[in-house]
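Trainee: Before I ask anything, let me first share the structure, which is written out below as structure tokens.
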Amino acid sequence: MAPAIMLAADAPRLSSANTGFMLICSALVMLMTPGLAFFYGGMVRVKSTLNMLMMSFISLGIVTILWVLYGFSMAFGSDKGSIIGWTSDYVGFSGIGKTELWPGYTIPVFVFAVFQLMFAIITPALISGALADRVKFSAWSLFLVLWVTIVYFPVAHWVWGAGGWAFKLGVIDFAGGTAVHINAGAAALGVILVIGRRVGFKKDPMRPHSLPLVMLGAGLLWFGWFGFNAGSWLGNDDGVGPLMFVNTQVATGAAMLAWLAYEKIRHGAFTTLGAASGAVAGLVAITPSGGAVSPLGAIAVGAIAGVLCAMAVGLKYRFGFDDSLDVVGVHMVGGVLGSLLIGFFASGKGQSDVKGLFYGGGLDQFWKQCAGVFAVLAYSLVVSAVLAFLLDRTIGMRVTEDEEISGIDQAEHAETAYDFSGAGGGVIGSLAASALAATQSKKVDA
Amino acid sequence: MKLITAVVKPHRLDEIKEALQAFGVHGLTVTEASGYGRQRGHTEVYRGAEYTVDLVPKIRIEVLAEDDDAEQLIEVIVKAARTGKIGDGKVWSLPVGTAVRVRTGERGPDAL
């Protein structure tokens with residue numbers, strides 16, 4: 001996030017260009033959550049596709065309401081002890097004037113608030129990939145409410161809020177490496193350590209049911225991520241946003257190639273899932289670092305993230321935790337890498353004059369990055385595990401074993417993702433469905 | 001009468017259909033099937049995790065034939081289905097008790 005441009009004599013005025021740009025960026029970031037839903041949805045088995053989609057979509061509802069009611073105030077209200085924010089005018093968005101500017105910037109408060117809302121929506125949605133096939137929808141919804149309130153809103157304040165401790169320390173997190181990706185990845189790890197593995201983990205084949213959906217989702221994420229990253233400077237007056245845009249593309253391309261090269265050497269094939277995963281790993285890693293590194297540095301950050309994340313996703317089998325769709329392996333590992341690599345690759349020519357080790361700046365910034373990374377990681381992991389534990393002991397986190405085996409879509413949503421009966425493949429299914437429809441219309445007649 | 005069943009590679013369906021038509025067979029039933037023989041399955045890799053896919057897609061073709069035609073028909077199917085590679089499938093026949101054409105009620109060879 002940009003430091004406030006405070007020119008004493010010349011207070012910022014509303015810029016239509018920046019405001020329009022930021023509204024478009026907000027819409028781009030919104031699209032990432034459906035993109036994520038498809039990215040995850042394609043990776044699960046047919047029987048839990050809808051549940052996976054819904055775990056992301058429900059966040060668009062729940063977090064939106066919480067954000068208006070109190071989330072924005074907690075994250076970006078005036079600082080209370082470097083830990084949390086609160087501004088009563090922000091509660092319910094009720095005291096925000098429509099032309100009131102976000103302090104130090106050229107865009108209205110409403111624009112900043114809605115842009116940040118999209119981040120608050122996608123962050124908990126990211127966690128859902130680790131919990132595939134097995135979590136009650138009611139428990140997930142309640143977890144969302146508690147998690148954003150106790151974890152996301154405070155962490156966003158630490159990292160981006162004026163007065164937040166990490167912000168004051170000088171931790172660089174351009175667009176959410178710590179607040180979004182490490183935060184979500186660590187939370188995923190905390191929850192799965194409590195709720196345990198899927199039935200049949202490591203025994204039954206759990207291959208992705210639709211790789212085209214995964215590719216579609218990855219494409220939407222990549223597209224939306226330009227808003228996520230370039231928009232995080234909140235304007236284009238000094239060229240940092242465009243640099244971020246360029247680095248986003250460069251690092252993502254490099255990471256995709258690196259992941260593909262690694263798996264070709266290691267496993268013998270260039271896979272579509274590898275391409276999609278590598279792209280997302282690169283997007284994650286450049287998120288904190290893209291404003292600080294040069295385009296050549298972005299190639300290095302992307303390539304390192306591509307290879308190390310490809311290696312990291314195998315660890316769950318060794319340690320035996322069921323991070324179903326590799327939220328820890330991609331988002332936590334990618335976020336940590338991107339955040340720490342700033343300490344080496346910061347060029348001094350981007351968002352600030354801070355230089356990393358490879359540009360003659362020593363290790364000073366690296367230690368600051370470490371502080372931000374490990375504080376967020378530890379806080380999110382512990383609190384998320386406790387939340388999951390409390391929910392599991394009260395309302396129960398998991399569906400029954402029978403429901404999990406026969407499919408969470410039918411148990412929790414009373415629907416089936418795909419109707420294969422129409423095309424001659426399932427005559428019996430379509431006859432049964434029309435028989436049911438006939439009974440229902442009779443009931444209406446009577 | 002005999003029921004000839006062939007479980008073969010899906011992409012040979014067109015060749016088999018044409019060969020059977022040329023022989024004078026008027027009808028057949030095809031279903032999608034999966035299974036394995038001595039070739040077993042194949043391996044797929046997702047994010048480094050290897051899955052052995054045991055059951056390979058196949059099609060199952062069923063044809064009714066008169067006793068005198070059965071052996072020749074089996075030969076026709078085998079020839080059309082063969083690629084020479086592992087996994088080409090199997091063809092077998094069984095005796096049939098009764099066959100009835102639903103529309104007319106004709107029985108036996110007349111029903112074919």
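Along the chain as shown, residues are numbered 1 onward.
Note: Cβ is positioned from N, Cα and C throughout, glycine not excepted.
As listed in TrEMBL for this protein:
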TRANSMEM  A:20-40  transmembrane segment
DOMAIN    A:21-418  domain 'Ammonium transporter AmtB-like'
TRANSMEM  A:52-72  transmembrane segment
TRANSMEM  A:105-127  transmembrane segment
TRANSMEM  A:139-160  transmembrane segment
TRANSMEM  A:180-199  transmembrane segment
TRANSMEM  A:211-228  transmembrane segment
TRANSMEM  A:240-262  transmembrane segment
TRANSMEM  A:269-286  transmembrane segment
TRANSMEM  A:292-315  transmembrane segment
TRANSMEM  A:327-346  transmembrane segment
TRANSMEM  A:366-391  transmembrane segment
Trainee: Verify whether three or more Cβ pairs under 8 angstroms connect the transmembrane segment (A:269-286) with the transmembrane segment (A:366-391), leaving out any pair fewer than 6 apart in sequence.
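Mentor: As far as Cβ distances go (cut-off 8 Å, pairs 6 or more apart), the transmembrane segment (A:366-391) and the transmembrane segment (A:269-286) do not touch.
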Trainee: So, do the transmembrane segment (A:105-127) and the transmembrane segment (A:180-199) meet, by the test of 3 or more Cβ pairs under 8 Å (sequence gap 6 or more)?
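Mentor: In this chain the transmembrane segment (A:105-127) contacts the transmembrane segment (A:180-199) - 3 or more Cβ pairs sit under 8 Å.
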Trainee: State, in range form, which of A:52-72, A:240-262, A:327-346 has the highest count of Cβ pairs under 8 Å to the transmembrane segment (A:139-160).
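Mentor: Comparing A:52-72, A:240-262, A:327-346 against the transmembrane segment (A:139-160), the winner is A:52-72.
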Trainee: Relative to the transmembrane segment (A:269-286), which of A:180-199, A:240-262, A:327-346 accounts for the most Cβ pairs at distances under 8 Å?
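Mentor: Top-ranked stretch among A:180-199, A:240-262, A:327-346: A:240-262.
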Trainee: If we skip the immediate neighbours and take only residues 6+ beyond the ends of the transmembrane segment (A:180-199), which ones have a Cβ under 8 Å from one of its Cβ atoms?
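Mentor: Same-chain residues near the transmembrane segment (A:180-199) but 6 or more away: 119, 122-124, 126-127, 129-135, 143, 147, 151-152, 155, 206, 284, 287-288, 320-324, 327-328, 330-336, 338-339, 373, 376-378, 380-389, 392, 397-398, 401, 404-405.
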Trainee: What residues in the same chain, six or more past the boundaries of the transmembrane segment (A:327-346), come closer than 8 Å to it by Cβ-Cβ distance?
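Mentor: Residues packing against the transmembrane segment (A:327-346) from afar: 126-127, 129-130, 172-173, 177-178, 180-186, 188-189, 277, 280-282, 284-289, 292-294, 297, 300-301, 304-305, 308-309, 312-316, 354-359, 361, 363, 365-370, 372-373, 377.
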Trainee: Any residues 6+ beyond the ends of the transmembrane segment (A:20-40) with a Cβ under 8 Å from its own?
Mentor: 52-53, 55-57, 59-60, 107, 111-112, 114-115, 117-119, 121-122, 125-126, 128-129, 132, 213-214, 216-221, 223-228, 230-231, 234-236, 276, 280, 325
Trainee: Averaged over the domain 'Ammonium transporter AmtB-like' (A:21-418), what pLDDT does the prediction give?
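Mentor: Residues in the domain 'Ammonium transporter AmtB-like' (A:21-418) carry a mean pLDDT of 96 in this prediction.
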